[in-house]
Each structure stands twice: as C-alpha cells, then as structure tokens.
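Okay, structure first, notes after.
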Amino acid sequence: MSRKPIIAGNWKMNKNPQEAKAFVEAVVSKLPSNDLVDVAVAAPAVDLVTTIEAAKDSVLKVAAQNCYFENSGAYTGETSPKVLADMGADYVVIGHSERRDYFHETDEDINKKAKAIFANGLTPIICCGESLETYEAGQAVAFVGAQVSAALEGLSAEQVASLVLAYEPIWAIGTGKSATQEDAQSMCKAVRDVVAADFGQEVADKVRVQYGGSVKPENIKEYMACPDVDGALVGGASLEADSFLALLDFVN
C-alpha cells in the first residue's frame with residue numbers, strides 16, 4: 001500500500017528561539033503540499049513555543065525531542081507530554097540513541113513514553129538502531145527487533161499503525177558514514193517484519209519507517225527509492241533552511 005513519506009529534521013541541541021523562528025519563516029512558503037509528504041522539525045524544548053507559533057497555519061509539523069512518561073509532578077528538568085499537547089506540538093521523538101547512550105534510557109522507559117504520548121493525542125517517532133559492534137557481529141536484525149518489540153508492547157494495533165519508527169544505525173549518526181541503500185532497505189524491512197509478527201501484516205503495511213544516519217540532499221533519493229523506507233530522520237542537513245528544503249526534492 002502507499003504510505004505518505006515523512007521527512008523530519010532533528011535539530012538536536014542547536015538553535016536559539018530567534019534562529020528557530022528565522023528557519024521556519026525561510027522554509028514554510030517553499031514546502032510541498034502535505035498531500036505528498038509530511039514535513040516536521042524536532043526543536044529543542046527551549047525553542048518549541050517559538051517554532052510552533054512560527055509554523056502555525058503552514059504544513060510544517062513540530063516535534064519535541066523527548067518527553068517524560070508522567071503528565072506532571074516532582075520531576076525536575078523533565079518535559080510533560082500533556083503540556084506539549086497543550087502547546088500544539090504534533091510529534092515527540094523518543095528512544096534516540098543519544099538519549100539511550102548519554103541518559104541511560106531503557107526500552108521500558110521508551111515504552112512508557114510512547115503510551116504517555118498517545119494518551120495525550122500526540123504521535124511518537126520511535127528511534128531504534130544498533131552499534132557498529134552489533135552490526136559487524138551480524139546481530140543488527142535481532143538487536144533492533146528486540147528494541148522495536150519492547151517499545152511497542154501494550155500499544156493497540158491502531159496506535160502502532162499511526163506511529164513512526166525511525167531506524168538509525170548508531171555508526172551512521174553524525175559520522176558522515178551512511179548505510180548503503182541495501183542496508184537501509186533490509187533493516188527497514190526487518191523493522192516492518194517485527195511489526196507484522198507482533199501486530200499483523202495490515203498494521204505493518206500502514207506503519208511508516210524512516211531511515212536516519214548521515215542523510216543529506218545528495219543521498220536521500222536513493223533511500224526514498226527503497227520500498228520499505230517511508231522517509232528520513234535527518235540531523236545535520238536539517239540545520240540550514242536550504243539543505244532542509246533540498247531534502248524534499250525527491251517529491252518532484
């Protein structure tokens with residue numbers, strides 16, 4: 001079946017509110033119509049209000065880069081999914097390898113966050129991916145499959161069909177070393193196969209699977225030609241308006 005592609009820029013810990021506003025103003029008038037592709041930017045928490053306001057009345061969607069799994073309480077430094085929904089966010093990125101690595105987030109944490117995100121009417125973009133050591137040992141499919149199964153545990157079929165999974169091999173994030181087209185296709189298909197095993201083929205045919213890891217305007221077309229790649233989660237190439245817009249040229 002035909003799945004609408006989704007291109008999401010992950011700014012990580014970059015841009016102040018003024019820079020975020022300038023970026024959004026530079027891109028919104030040049031975006032393709034959202035019948036062809038969904039386009040989002042994941043802004044740092046300090047930029048979300050500005051980014052959401054600047055993107056209002058455009059096809060650009062806004063994602064948070066993380067949230068907690070409780071709506072309120074004594075959780076100093078955390079971000080409430082309920083407040084994100086109240087602010088007008090659309091997506092929340094969870095499970096990024098940088099969160100797993102630097103902040104010791106577990107599969108259980110990510111599963112709780114996914115449930116909290118859905119409970120507040122938002123859509124999770126759930127990241128998964130293996131280290132170079134795991135990849136070279138031939139264990140990537142098993143490792144990533146376990147991440148996906150754990151993240152989706154207890155969700156409904158309808159919820160899983162509507163979310164986004166982002167396969168990002170850790171060895172390709174910000175390294176300039178990107179997966180081959182064949183690797184991206186085989187791993188995104190493996191992610192979809194896990195969904196099929198856990199929730200059925202109909203759900204697997206609907207869920208969107210992104211590839212991420214040193215995606216840029218020069219290589220996005222080859223990834224988007226893969227039957228099981230439904231978009232990209234993009235870091236460095238999403239920081240400048242021109243390169244971000246160039247990522248969308250595959251639509252034409």
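Note: Cβ is positioned from N, Cα and C throughout, glycine not excepted.
In Swiss-Prot this protein carries:
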ACT_SITE  His96  active site, electrophile
ACT_SITE  Glu168  active site, proton acceptor
BINDING   Asn10, Trp11, Lys12, Gly174, Ser214, Gly235, Gly236  substrate binding site
Once the chains shown are all counted, how many other Cβ atoms turn up within 10 Å of the Cβ of Asn10 (substrate binding site)? 26
Just to confirm: which same-chain residues, 6+ apart in sequence, have a Cβ under 8 Å from the Cβ of His96 (active site, electrophile)? Asn10, Gln65, Asn66, Cys127, Glu168
How many other Cβ atoms are found within 10 Å of the Cβ atom of Gly174 (substrate binding site), counting all protein chains shown? 12
Of all the recorded positions given, Lys12, Glu168, Gly235, which residue's CB has the most CB neighbours within 10 A? Glu168
Within 8 Å of the Cβ centroid of Asn10, Trp11, Lys12, Gly174, Ser214, Gly235, Gly236, the other same-chain residues by Cβ around the recorded substrate site are Ile173, Val234, Ala237, Ser238, Leu239
For Asn10 (substrate binding site): DSSP state (helix, strand, coil): strand
Gly174 (substrate binding site) - helix vs strand vs coil (DSSP): coil
